[in-house]
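Trainee: Mind looking over this structure? Questions follow.
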Amino acid sequence: MQKVTFPNKILPYFLLAPQIVLTVVFFFWPASQAIYQSFMREDAFGLKSTFVELANFTAVLSDPNYLHSVQVTVVFNVLTALLAMGVALLLATAADRVIRGQTFYRTLLIWPYAVAPAVAGMLWLFMFNPAMGTFAYLLRRNGIAWDPLLDGNQAMGLVVVAAAWKQISYNFLFFVAGLQAIPKSLIEAAAIDGARGARRFWTIVFPLLAPTSFFLLVVNTVYAFFDTFGIIHAVTGGGPAKATETLVYKVYNDGFVNLNLGSSSAQSVILMAIVIALTAFQFRFVEKRVHYS
């Protein structure tokens, strides 16, 4: 591999400058403002802020509604990640076996990733809308009382399916790349030894996909935490009865709807700490178990 050298020593810093500026403006500055606001409390008119130390954090952590949103977030994250990764792996395995029209099938499978989260949510809401949705009509015809606007479990199921559908395409790309990187000689050797399709997959293919699966687990966790706001906002608005109010959506409700900036900032700081701790734990303790030589 040819080594690239820069004759001008300042050029690398100019190339890094746009990314550094974007990171500072859109991450470090908002994060610092959130940390600052989490220790403050505004008056009823928003004219004066008072330093209240850890009162906002204490109020948040003792709030039953916040603890409920933590439970909702855990359920939503686990179900979304499992469904999105499971279906993507199934589709990638099937697409890897297709010979004719392989490019066409793969292109169709990655199109949903280009759909905006809010649009994806509206698509699923229209299909399962209890008043005019096609699938809602089929469910009622089969004796299922379908109404996600009133039933919390049905609402959770709908947003999980919509969020997973949006992420399947992303996972599919990486699983296909991982499958293509597996030497065919290993699979052929296992077939010669008498291992059937399912056994070959679980003993040869799946362990070699562990690094890819770990990477996607981290990505899907972060996705479910932050990038599903548009879906929840479009489909359920956090309802019914806060059944789909995740941590991110509660930050929005408390900060932009109820205008409780101190509590909202404290929640965002806690959420940021949770994601950082969870990601660090995954890389520190899980990553060691997924690499094969």
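Using the three backbone atoms N, Cα and C, a Cβ is placed for every residue, glycine included.
Pasting the relevant annotations from Swiss-Prot:
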type	residues	note
DOMAIN	66-282	domain 'ABC transmembrane type-1'
TRANSMEM	10-30	transmembrane segment
TRANSMEM	72-92	transmembrane segment
TRANSMEM	108-128	transmembrane segment
TRANSMEM	155-177	transmembrane segment
TRANSMEM	204-224	transmembrane segment
TRANSMEM	261-281	transmembrane segment
Trainee: Quick check: do the transmembrane segment (155-177) and the transmembrane segment (72-92) share at least 3 Cβ pairs under 8 Å, counting only pairs 6+ apart in sequence?
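Mentor: The answer is yes, given that the two segments have at least 3 Cβ pairs within the 8 Å cut-off.
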Trainee: Give the nonlocal contacts of the transmembrane segment (261-281) in its own chain as ranges (CB under 8 Å, at least six residues past its ends).
Mentor: 31, 33-38, 40-42, 52, 56-57, 59-61, 66, 218, 221-222, 225-226, 247-248, 250-252, 254-255
